[in-house]
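Novice: I grabbed these lines from Swiss-Prot:
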BINDING   Ser36, Gly37, Gly38, Ala39, Asp40, Ser41  ATP binding site
Amino acid sequence: MSCICLKNEKLNVINQVKRFIKKYCKSTQPLLLALSGGADSLSLFYCLLACRLEGILSFHVAHVDHGWREESAKEATILKNLAEQHQVPYHQLKIDLSQLAGNLEDACRKQRQKFFKEICLQNNLQAVCLGHQENDQVETVLKRILEGSHWSHFDGLKERMWHDQVQFLRPLLGIQKDEILAFLKGNQLKAFEDGTNCDERFMRARMRRTIIPDLNRSFGKKIDNSLVYIASEMSELKNFFLGRVSPLLGQIVKGPFGVYLNLANHPSIDLVEIKYLLRLISEQELFFLSRQILQRASEAIEKLEPQLSFEMGTKKIVIDRGHFFILSKKTACKNPNLQISGSSLQYYGKWMIKTNESFYHQNLQASTWLDGWRGYLKTYLPLDKYVLGQASKHAKLLRHHSTINKWWSSHHVPPFLRSFFPVIWQHNEIAHEFLTGLERQNLQEGEKCLQIELSYLT
């Protein structure tokens, strides 16, 4: 790993990386290279050196010592010396496996991502470069197909992606492993060898050493190009569907209780689009749906079915006549009654209650359940004493013949929401409910009134 003059005879690795960097990167900001010392990341290190030499851009190096192998500490020192030799800023993280719990691979991945993000923010770096190449793409796509993943995941690894406000780039994704090894050999560069890459106890090793070679022999040709083609086609299809549902994604309402989307007013949306949309929203909210639930939920939305729900862990999906909810927690209103009058600031569970005297204007509107979903409710009542509390199904509305439950049903208030928000009582009847936005108090323009505001504290 000494300082050498790179050769590029009949090899296009450097030129492909240069084209990639010019396509996606700004020359004014450095990159961060995740350097393990393996063949892929080492070749990328020297390609980025070539880019720096031509003034295309500069870069930093980040190495993570997982401590999985005895030689890892020695390798970290070698990489540190390599970076210093070429005057490349070097950053290192040593992971203490004894401090991690649960799935070690997942825990280490989160540690790496956190480490990379910190370096990028501290040094104003534009992206993290990863060493994945075409063979990694082939293995990823085949694995997802065999696992029965959703088709939207068949696009495999991305050349460019964002995660947790950090951009990740894969300049080698269109280059085969053989080309990378030839590049290293032609320049007399020796990479570290990770024994786990050949250990068939690991799925990746079995894919590389047994499954894919066996498929090649069985088909009588290499399947690599076919799988890369599938990834490309699925990427185009995914972008098409994303374009179709993007306007709906912009209509999502998020609040302290979860996520809401009204699909009742979009009769032209197809079932396959609904399925993709629900999966996309659910994955963004870390609420992963089984195939059966996804199919049933999508059909319920398409048919505008009432009151369907699914519970998974601490979250819950509710579908009601085309309205789609993901609830983040149980939020039924079970607080003791609260006396309200005059100007005051009080608390009703997680609701902050602010009351003050004001003057009524006809252009003032009371809140609806959608406002409540966002965590804010407001209304205006005649000056008097009231009680804030939970509604009961058979309670009567003040100056109205209907029960509260019939009133809400006639105005299509989703049943599960009715226990989320308090009502205002007076003389054992409900003086105001917040879910329909309808006023029944006959306040006159300019009349002095009691303004009541509820804000949900998260």
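Placement of Cβ uses the backbone N, Cα and C atoms for every residue, glycine included.
Help me see these features in their spatial surroundings.
Specialist: Annotation for Ala39 (ATP binding site): spatial neighbours Lys177, Ile180, Leu181, Leu184, Ala191, criterion Cβ-Cβ under 8 Å with sequence separation of six or more.
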Novice: For Gly38 (ATP binding site), write down the residues of its own chain that are at least 6 apart in sequence and whose Cβ falls under 8 Å from its Cβ; none is a fine answer.
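Specialist: The list for Gly38 (ATP binding site) reads Gly131, Ala191, Phe192, Glu193, Asp194, given in order along the sequence.
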Novice: May I ask which residues of the same chain, at least 6 positions away in sequence, place their Cβ under 8 angstroms from the Cβ of Asp40 (ATP binding site)?
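Specialist: Asp40 (ATP binding site) has long-range Cβ partners Gly131, His132, Gln133, Asp136, Leu172, Lys177, Ile180.
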Novice: Around the Cβ of Gly37 (ATP binding site), how many other Cβ atoms lie within 10 Å? Please give the count over every shown protein chain.
Specialist: 20
Novice: Taking the Cβ of Ser41 (ATP binding site) as the reference point, list residues of the same chain whose Cβ is under 8 angstroms away and which are at least six residues distant in sequence.
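Specialist: Residues satisfying the criterion: Leu33, Ala34, Leu35, Leu130, Gly131.
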Novice: Excluding Ser36, Gly37, Gly38, Ala39, Asp40, Ser41, please set out which residues of the same chain place their CB within 8 Å of the center of the CB atoms of the ATP site, keeping sequence order.
Specialist: Leu35, Leu42, Ser43, Leu44, Gly131, Ala191, Phe192
Novice: Within 10 Å of the Cβ of Ser36 (ATP binding site), how many other Cβ atoms can you find? Include all protein chains, please.
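Specialist: The answer is 20 other Cβ atoms.
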